[in-house]
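Asks: Pulled these features from Swiss-Prot for this protein:
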type	residues	note
DOMAIN	118-266	domain 'PA14'
CARBOHYD	N61	N-linked glycosylation site
CARBOHYD	N74	N-linked glycosylation site
CARBOHYD	N104	N-linked glycosylation site
CARBOHYD	N272	N-linked glycosylation site
CARBOHYD	N326	N-linked glycosylation site
CARBOHYD	N335	N-linked glycosylation site
CARBOHYD	N438	N-linked glycosylation site
CARBOHYD	N543	N-linked glycosylation site
CARBOHYD	N638	N-linked glycosylation site
SIGNAL	1-20	signal peptide
TOPO_DOM	21-666	topological domain 'Extracellular'
TOPO_DOM	688-728	topological domain 'Cytoplasmic'
TRANSMEM	667-687	transmembrane segment
Amino acid sequence: MKKTFIFLYCVVLFISTTLAVEMKKTQDFNLRIFDQHPKYNNNFEPENGVLTVNLVKSILNETTGIPELTTMSNLTTVNKQGRIYSPELFKYFFADNSDAPDRNNSGKNYPLDITLTMNLDDKSNYFYDNQEFFPIDGRGFDVDQQFRNYYDDESKANPKPYHNYHFCAKITNSRFTYKGFETFRFVGDDDVWVFIDRKLVVDLGGLHIAQEKTIDLTKLGLVVNKLYVIDFFYCERHTSRSTIRIETTIELQCPWYDFCGVCTGNGLSCCNVTRDCDDGNPCTIDLCPEPTAVFDLKDISANCRHQDRTPTDWSVTDKCNTGKCNVSTGIFVTNITKCIPQNSCKAEDHCDSGLGCIFKNLCTDVCSTGACVDGKCETKNSKICIDELDKGVEDKCYEYSCDPNVGCTKKPRCLQKSENYNPCLNSFCEVSTGECKNTTIPPNLCDCQCDGKLNKCQIKSCNADGSCKPLPSLEIDDKNPCTIDACDETTGVITHTLSNKCGGCSICNGVTGDCDPVDKKCDDGNRCTTEVCLLDKATNNGNCSSKPTTECDKGDVCMVYSCDTEKGCVETPRVCPSKGKCQVGKCVPGVGCKYEPRVCKADAFCLVAECDEIVGCIQFEKKCAADNGRCQAGICKNATATEEGTCESVDFDPKPFICKTAAVVSVGVAVGVAVGGAIALGVFIFAGKKGYDYWKASQGVTMATSNANPLYESNPSGGENPIYTSPN
């Protein structure tokens, strides 16, 4: 007897000091429900239909996270069979559209949240079974009595109570660690779609009586110990039944909760934008806090977000409007940009919506280049006139200058002046040096009598016979084809008048006499435009034309080239916008913007870091797959300073029914429940078998059979059970 008590003591000590791992008895999930009504969505309460597969695409949209129809035409067979009368409203089956107008077929819905609890059965399946599944009776739209007008089909002959028959529900973004044996079974009506790893695995679309589908996850090519996403979508679209049964061995995990405590929620179950976030400013868009924000719920209003509204009256590329929102009315007031000249070379002209401020160029006189230097018009000097008249090649026998009346001119360097004219000298220029030289003309050829025969515009010259031969003054012809030369015979005043043959931004070429366009005369003071002078050859008139400059673009696809109307070209690295929360934009040289998955880093071995399309990077508890997932739990141990993190397998206690064997009396069989093992044996030690029977009844411990008391069990392996007393 003494040995027996020592043995029992050791068993009690072992049980009381060993970590007990028990299968979760329940799993709670947030069911996001979207109350629908036939008034707002005619895809609800249509004619009875049939089971329709391929109604939705086989891959879940990664950005929206909801199913998409395979076709958007209501004339296709699949949509007709699936009773999708208005395909454009399908997107509101599982997405908030509570702000839609209160009119027929607006797609308006009413989001609600409930908790769905799945229980563990004796076969280690989690199940939910409800053959009268009406979770939002009297809620949503049906708070208003006028919407409570749908009853069971049998209501006339056998009156039954009202129910809310029109709603869709979803459990999305839930995770599970694949253990290698899981199954999923659904029985119910109407539409049901289940996606695992964004791939459609249960396809029970359409209006139909209860249908069944079982999925063996071992057939899906999943990898043991890898984390997967599961998304569940369900709709009830027609009277008179609403049934649902779910059975699964999948152990789901919520990756994150919103500030309302809702799994993968958006915060709208406890935050109402109108009630909680209205800042009274019509120029802002009011939003509830970020879903994963952490704060005391009484401080929701203090954590709301407010974004500035942007104008919709004009294009954001309009360079002339800098409209502001009137905080009193919420109306954007057009504010034309004032174009203020930055220097004395320009005058205000107008604002172009595509180009910005355009200024009038004041540097347009004949001796201005059209350019503005240090705030002043640049004047043509001899060098500029050489460029203009002789294409940059100086003729040393001429002097170049700009005449305010005619523009650039060149005059012979060695020409005798009329007032000192000596007809017996022949003045000429040495071309190579520009040196002036004279040769003497014989007197008989130059010294003739011209007295009284010359007017003020003539000079003395002699014929070979010595008679007078008046010649025009040498200064009358300025050798410029662009001027009209004249001399007053009474006064001797010589004038050179610029011909008006060239107009606008063109000038007359002093060498050829042609009209040449001058782009500089079109400078509009906007550094983001390229100005050209276009010559109309029929009229010899030059017209200015401005267009956005192309000089800023250097061809690097990873740089953004822009232009500031005052500063000129600006270069900034291209920022590729992210796509959703989980695709990061990256610029690849020579290619441009590409997307790559956002990398989220876990802070510990026993945390999983990944990206969620709703909130971005998240971290949550790592679930390890056990060696024998049916009978063991995977336990995660974080890394230490000396050891790496590991996953270990620990037996369930009590063991699930399928794991019990006849080889030994397991702790689970012996005790019934892990936490009560030591108590049960202690009761037996001090109270005997009858005491244990009383304890079992008082605790409500569930046993497989009426003889499940371990005190009645002999060792089937032939050994001695020290706590077994034969009934004989």
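Cβ atoms here come from the backbone N, Cα and C positions, even for glycine.
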Asks: Provide the three-state DSSP residue tally for the domain 'PA14' (118-266): helix first, then strand, then coil.
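Replies: Summed over the domain 'PA14' (118-266), the classes give 13 helix, 63 strand, 73 coil.
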Asks: So which of the glycosylation sites is most packed in, judged by how many other Cβ atoms lie within 10 Å of its Cβ, out of N74, N326, N543, N638?
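Replies: Answer by Cβ density within 10 Å: N543.
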Asks: In DSSP terms, helix, strand or coil for N543 (N-linked glycosylation site)?
Replies: strand
Asks: Any idea what DSSP makes of N438 (N-linked glycosylation site), helix, strand or coil?
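Replies: N438 (N-linked glycosylation site) sits in a strand per DSSP.
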Asks: Taking the Cβ of N104 (N-linked glycosylation site) as the reference point, list residues of the same chain whose Cβ is under 8 angstroms away and which are at least six residues distant in sequence.
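Replies: Result: K39, Y40.
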Asks: Whole-number Å distance between the CA of N438 (N-linked glycosylation site) and the CA of N61 (N-linked glycosylation site)?
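Replies: One finds 96 Å between the Cα atoms of these residues.
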Asks: Please work out the number of neighbouring Cβ atoms within 10 Å of the Cβ of N61 (N-linked glycosylation site), leaving out its own Cβ.
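Replies: A count of 13.
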Asks: If I take the Cα of N638 (N-linked glycosylation site) as reference, which of the glycosylation sites N61, N74, N272, N543 has the closest Cα?
Replies: N61
Asks: Express the distance between the Cα positions of N61 (N-linked glycosylation site) and N74 (N-linked glycosylation site) as a whole number of Å.
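Replies: Just about 21 Å between their Cα atoms.
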Asks: In whole Å, how far does the CA atom of N272 (N-linked glycosylation site) lie from that of N543 (N-linked glycosylation site)?
Replies: 61
Asks: How long is the line from the C-alpha of N74 (N-linked glycosylation site) to the C-alpha of N326 (N-linked glycosylation site), rounded to the nearest angstrom?
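Replies: Here the two Cα atoms lie 44 Å apart.
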Asks: Using C-alpha atoms only, work out the spacing between N326 (N-linked glycosylation site) and N543 (N-linked glycosylation site) and round it to an integer in Å.
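Replies: On Cα coordinates alone, these residues lie 42 Å apart.
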Asks: Suppose you look only at the topological domain 'Cytoplasmic' (688-728); what would the mean pLDDT be?
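Replies: Over the topological domain 'Cytoplasmic' (688-728), the predicted model scores a mean pLDDT of 39.
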Asks: Enter the number of other CB atoms within 10 angstroms of the CB of N438 (N-linked glycosylation site).
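Replies: Its Cβ has 13 other Cβ atoms within 10 Å.
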